[in-house]
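Colleague: What follows is a structure written as structure tokens; I'll ask about it next.
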Amino acid sequence: MIKVRFAPSPTGYIHIGNIRIALFNWLYAQAHNGAFILRYDDTDVERSKQEYIDAIAADLEWLDIQPDEIYYQSKRFNRYDEVAEMLKQRGLLYPCYETAEELDRRRKIQLSRKLPPVYDRAALKLTPEEKEEFESQGRKPHWRFLLPNFENNPLQTKRTEVCWNDVVKGKQTIDLASLSDPVLIREGGSYLYTLPSVVDDIDMAITHIIRGDDHITNTGVQIALFEALNAQLPIFGHINLLTTVLGKGLSKRDNDLSIHSLRAEGFESIAIQCFAVLIGTSQNVHPYPHQAALLKHFNLQDTSRSVTKFDIADLFALNSHLVHDLTYEEVKTRLKNLSIDGEKAECFWNAIRSNIDKVNDAVLWWKMIHDEQSFDPVALEDRSFVRQSLNFLPEGPLNDESWKVWTTTLKEKTGRRGKALFMPLRQALTGMDHGPEMGKLLQLLGREKVIDRLTIQGE
């Protein structure tokens with residue numbers, strides 16, 4: 001069975017780029033009757049917070065992503081210790097005592113000599129006495145994984161290609177000789193991303209790893225680690241990254257692009273799903289009404305190979321399109337939560353939905369209709385016309401035909417036409433020069449409010 005995973009770090013709110021990875025994995029699992037694993041990468045105990053774990057869970061639920069299994073890396077340290085010890089015993093994980101400053105100096109020297117800034121494995125030359133000396137100075141080792149890029153002598157590396165058939169990008173090749181041995185364990189004993197990730201992928205029988213293409217180099221290292229652990233390799237797929245319109249990478253520090261924030265702002269769940277999945281693919285970003293329809297058009301191979309820019313304006317447009325098609329029954333509960341209720345609520349929704357970007361925006365129109373309003377006065381030259389319009393307002397309750405009858409009469413009596421006729425009335429009654437059809441608004445306002453507002457604006 002196909003098994004995929006989404007492994008967020010609960011160190012902040014996840015953004016649209018993160019959720020794009022989650023959706024690609026979720027839809028891929030759905031399309032192949034597979035399983036979706038949620039794995040919290042919370043090995044950084046100090047920065048990982050329960051509030052972010054809760055927020056990630058809430059975001060996934062809102063986006064209709066339902067994990068089949070949930071794991072926490074912080075509960076698996078014993079397993080990582082076991083694997084690390086085995087690698088140490090085999091000489092594949094070795095201690096290094098250089099400080100960050102010393103390593104930085106070496107890199108600068110290598111670059112000045114036009115050499116690649118690859119770690120030279122100097123730690124492998126240390127004698128037991130030298131290691132003891134470092135320990136006596138209070139230095140604690142960090143541990144590097146010995147990449148298999150040599151024949152007999154690890155100090156003499158040779159070109160060693162790691163290849164895989166990426167399900168998105170096709171054949172990929174990484175030369176392990178061009179990479180430094182990765183640090184798997186920090187000085188303090190905490191684990192970096194690589195070892196826990198590979199161990200979990202093995203233990204959880206992950207068959208497909210679908211992630212951003214910023215992990216391509218990591219994949220070469222991880223394949224070497226999979227092989228060192230005598231494990232079957234998963235299938236890899238790397239999708240293009242999203243950036244801001246300025247070309248900057250998305251970050252958890254950009255809270256306005258977090259799913260938590262976008263949800264609070266009133267964006268539709270399916271709008272974010274469609275946008276995240278279809279942007280940067282060969283398909284148009286279409287406003288599918290639900291996830292099942294989106295799934296039918298999901299294809300991992302449609303992903304572009306170039307970076308894609310995320311423009312919030314495009315998400316607004318997509319959201320608007322979806323909101324305009326929502327029926328009253330679909331939003332009835334949400335409107336009630338916004339205190340939009342009563343016998344006129346359905347008529348109200350049908351009147352205004354084409355003029356809002358988000359369901360929450362309906363509140364502005366509801367208040368415009370029901371609350372006492374203080375609008376900017378109409379233009380001085382239009383006030384006599386507004387006063388005059390009162391004389392020709394149809395008698396009795398206002399209905400579907402009232403606006404047409406009223407404006408037809410005004411056209412005949414005043415000679416006004418087009419904007420000169422309609423705009424002063426709209427501004428007098430709503431305070432705006434745009435909005436829903438006035439015929440529908442007239443009914444919602446009711447005769448008494450129409451008379452009151454025209455009287456005030458005609459003064």
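Glycine is treated like the rest: Cβ placed from N, Cα and C.
Pulled the feature table from Swiss-Prot, pasting it below:
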BINDING   K252  ATP binding site
MOTIF     8-18  motif ''HIGH' region'
MOTIF     249-253  motif ''KMSKS' region'
Colleague: For the motif ''KMSKS' region' (249-253), DSSP counts of helix, strand and coil?
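Modeller: The composition, in the requested order, is 0 helix, 1 strand, 4 coil.
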Colleague: Is it possible to get the count of other C-beta atoms within 10 angstroms of the C-beta of K252 (ATP binding site)?
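Modeller: For K252 (ATP binding site), the 10 Å Cβ neighbour count is 17.
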Colleague: Per-residue pLDDT averaged over the motif ''HIGH' region' (8-18) comes to what?
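Modeller: For the motif ''HIGH' region' (8-18), the model's average pLDDT rounds to 95.
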Colleague: Could you put numbers on the helix, strand and coil content of the motif ''HIGH' region' (8-18), residue by residue per DSSP?
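Modeller: Summed by class, the stretch gives 3 helix, 1 strand, 7 coil.
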